[in-house]
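> This is the structure I have questions about; it appears just below.
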Amino acid sequence: MVLIRVLANLLILQLSYAQKSSELIIGGDECNINEHRFLVALYTSRSRRFYCGGTLINQEWVLTAAHCDRKNIRIKLGMHSEKVPNEDAQTRVPKEKFFCLSSKTYTKWDKDIMLMRLKRPVNNSTHIAPVSLPSNPPSVGSVCRVMGWGTITSPQETYPDVPHCANINILDYEVCQAAHGGLPATSRTLCAGILKGGKDSCKGDSGGPLICNGQFQGIASWGAHPCGQSLKPGVYTKVFDYTEWIQSTIAGNTDATCPP
């Protein structure tokens, strides 16, 4: 039964690749300036280069990957071009950071999620607006949009001035199990990509959003290197599984626990 599902996913993804082969993050297309108002870029006070992405979920909170944690994080909102900033672009620093575990431990398949409270809230503007948490998990075969300022070539790194976007698909978890050794039987992650290769998130895209049918479903966590290999889809933290923890933390319950 698993083999049948995997083969069915391969057919779906091959058809998607044939239809959308020009849309790549690795060597791919610039995002529309109006489609990523919730996308934020993370950098540190020591380096101006964006090293991770994140997602604005309300005027005061940003969601990203736990492995994107650094000292002296700076959060850039309302950005498109780094060289020519939008007039409404803003910079914030985190007031608080929240992790699933107090030890900040996470694995490639578990709890790679970090919630940051901004020191000062932001207002909606032309290029800044939050995205809602998902009301339901995505289904296998869903077309999703991945985006970020990560490298557009791999293994050599080429960082773009503007965010790049690509359409990828939700796959059965078993596809990622077959592609990446060591994954457990179940995990709170999503498997997403194009089995034929060419479309993928990459270094610098970590922590950024996976948007499926208009809903924020995933956080870019990890994948193969070089990026964009055939039969090597990416792994994304499954946001839906953490919505209760996120909402409880935002409501002030700092003792909220993540799902086991």
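Start at 1 and count along the chain as shown; that gives each residue its number.
Yeah, the Cβs are placed from backbone N, Cα and C, and that goes for glycine too.
Keep in mind that what you see is a predicted model, and the values were worked out from it rather than measured.
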> Pick from Cys52, Cys68, Cys100, Cys144: which one does Swiss-Prot say forms the disulfide with Cys258?
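Checking Swiss-Prot: disulfide partner of Cys258 resolves to Cys100.
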> Could you tell me which of Cys176, Cys212 is bonded to Cys191 by a disulfide, according to Swiss-Prot?
Cys176
> Identify the disulfide partner of Cys31 as annotated in Swiss-Prot; candidates are Cys144, Cys165, Cys202.
Cys165
> Let me make sure I read this right: Swiss-Prot says Cys227 forms a disulphide bond with another cysteine. Which one, out of Cys144, Cys202?
Cys202
> How many Å lie between the Cα of Cys68 (disulfide bond) and the Cα of Cys202 (disulfide bond)?
14
> Of the active-site residues His67, Asp112, Ser206, which sits closest to Cys100 (disulfide bond) by Cα distance?
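Going through His67, Asp112, Ser206 one by one, the closest to Cys100 (disulfide bond) is Asp112.
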> Just to verify a number: CA distance, Asn124 (N-linked glycosylation site) to Ser206 (active site, charge relay system), in angstrom, no decimals.
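That separation, Cα to Cα, works out to 24 Å.
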> Which one is it: of the recorded positions Asn123, Cys176, Cys191, Cys227, Cys258, whose Cα lies the shortest distance from the Cα of Cys165 (disulfide bond)?
Cys227
> Would you identify which of the disulfide-bonded residues Cys31, Cys165, Cys176, Cys202, Cys258 has the most other C-beta atoms lying within 10 angstroms of its C-beta?
Cys202
> If you count other CB atoms within 10 A of each CB, which of Cys68, Cys100, Cys144, Cys191, Cys212 wins among these disulfide-bonded residues?
Cys191
